[in-house]
């Protein structure tokens with residue numbers, strides 16, 4: 001009698017490799033590894049899954065879909081969780097979940113498995129997303145069920161012929177994609193410890209960064225980055241190029257004690273050189289193209305959207321409604337920002353746009369001034385009238 005199929009989100013690491021061995025007792029395991037820009041050896045991971053016991057192994061390059069459908073909306077919404085974290089891991093979980101569900105449908109699987117522990121946010125993100133996309137699918141979390149110590153897991157792996165990675169003594173837990181790199185555990189768990197240089201992987205320290213500044217022109221069309229220094233490229237490629245360029249200058253290091261969805265505080269080290277550079281540049285183009293009312297209202301929704309994404313609710317109607325509003329605001333967000341990369345900072349030093357609402361003739365204090373200053377008298381009287389009336393009535 002054939003077994004039921006289970007779709008396993010497979011990373012190639014110890015946890016999900018052991019999960020294959022554990023799951024194959026009751027299921028035919030289909031391993032799925034997705035490339036969202038982490039730079040792994042995908043062919044090795046594909047073969048390892050089969051070697052460990054999966055009946056099928058999928059490797060999917062979803063960098064472009066991730067960039068266009070998940071990263072771009074977050075960029076346009078200036079999505080920072082708690083004003084610091086650009087949602088590196090939180091953004092990739094919805095697209096990974098979507099692909100897992102698609103493969104479950106293609107293969108006739110009734111169950112999806114992931115390698116998350118019972119302590120983190122990702123278990124919630126995967127399971128809420130999968131339930132939103134297909135409530136009939138069952139989800140299991142082997143690592144959460146085991147409750148093994150690391151030593152017990154290693155012993156199980158050795159007993160069952162699962163290769164134990166050579167770098168297993170690395171104290172850090174790293175997650176990486178196009179939008180950045182997240183690192184936790186080890187000495188980072190004590191928030192009084194300064195993060196050592198070994199904890200960073202894609203950025204130079206300020207001390208190691210070049211002593212000469214570098215400039216890059218980033219061009220936006222309807223809020224989407226489309227070119228670097230006049231060279232058009234796909235969004236995923238543009239982000240990757242900026243990760244290297246801005247990372248060289250030490251841009252995008254973030255040390256954050258954040259409030260996790262599961263109720264605890266966690267100290268995380270993020271490296272987001274491309275993300276921070278693009279978020280900075282995009283905001284400056286918005287500043288010269290959006291009317292005041294949109295500029296003031298949009299951040300309110302941006303903060304709420306950041307919380308929704310972080311808290312596993314990408315597929316919630318509230319998220320999609322806010323994203324629709326954000327998209328509507330981007331129609332005239334066209335232009336180029338000149339960004340100075342130097343010693344850990346990405347600073348916009350010049351900007352231009354064919355839809356700029358900045359009128360130099362209105363702003364200037366020279367003889368070219370076209371602002372009607374005589375109109376200010378009546379404006380001030382009417383603007384202050386409610387306050388004046390309140391004082392007359394209540395401050396007797």
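Each Cβ is built from the backbone N, Cα and C atoms, and glycine gets one as well.
Lifted from Swiss-Prot, the feature list:
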{"type": "BINDING", "residues": "9, 10, 11, 12, 13, 14, 15, 16, 17, 115", "note": "ATP binding site"}
{"type": "BINDING", "residues": "85, 121, 125, 173, 258, 270", "note": "L-citrulline binding site"}
{"type": "BINDING", "residues": "117, 121, 122", "note": "L-aspartate binding site"}
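Feature annotations (Swiss-Prot) mapped to structure.
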residue: 9; record: ATP binding site; contacts (Cβ under 8 Å, 6+ apart): 16, 32, 34, 96, 100, 112, 113, 114, 115, 126
residue: 13; record: ATP binding site; contacts (Cβ under 8 Å, 6+ apart): 115, 165
residue: 15; record: ATP binding site; contacts (Cβ under 8 Å, 6+ apart): 115, 143, 153
residue: 85; record: L-citrulline binding site; contacts (Cβ under 8 Å, 6+ apart): 254, 256, 258, 268, 270, 310
residue: 117; record: L-aspartate binding site; contacts (Cβ under 8 Å, 6+ apart): 123, 143, 144
residue: 121; record: L-citrulline binding site; contacts (Cβ under 8 Å, 6+ apart): 89, 90, 260, 261, 262, 310, 312
residue: 122; record: L-aspartate binding site; contacts (Cβ under 8 Å, 6+ apart): 89, 93, 114, 116
residue: 173; record: L-citrulline binding site; contacts (Cβ under 8 Å, 6+ apart): 183, 184, 185
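Annotation for residue 11 (ATP binding site): spatial neighbours 33, 45, 115, criterion Cβ-Cβ under 8 Å with sequence separation of six or more. Between the CA atoms of residue 125 (L-citrulline binding site) and residue 17 (ATP binding site) there is a gap of 21 Å. Largest Cα-Cα distance over the residues recorded as binding ATP, namely 9, 10, 11, 12, 13, 14, 15, 16, 17, 115, equals 13 Å. According to its DSSP assignment, residue 122 (L-aspartate binding site) is helical. According to DSSP, residue 15 (ATP binding site) is assigned to a helical segment. Here the binding-site residues are 125, 258, 270; the one with the fewest Cβ atoms within 10 Å of its Cβ is 258. In the three-state DSSP reading, residue 258 (L-citrulline binding site) counts as strand. Apart from 117, 121, 122, the L-aspartate site neighbourhood in this chain, defined by C-beta within 8 angstroms of the site C-beta centre, holds 116, 119, 120, 123, 124, 125, 262. Packing around residue 17 (ATP binding site) is summarised by its Cβ count: 28 other Cβ atoms lie within 10 angstroms of its Cβ, all protein chains included. Other than 9, 10, 11, 12, 13, 14, 15, 16, 17, 115, the residues of this chain whose Cβ falls within 8 Å of the Cβ centroid of the ATP site are, in sequence order, 18, 19.
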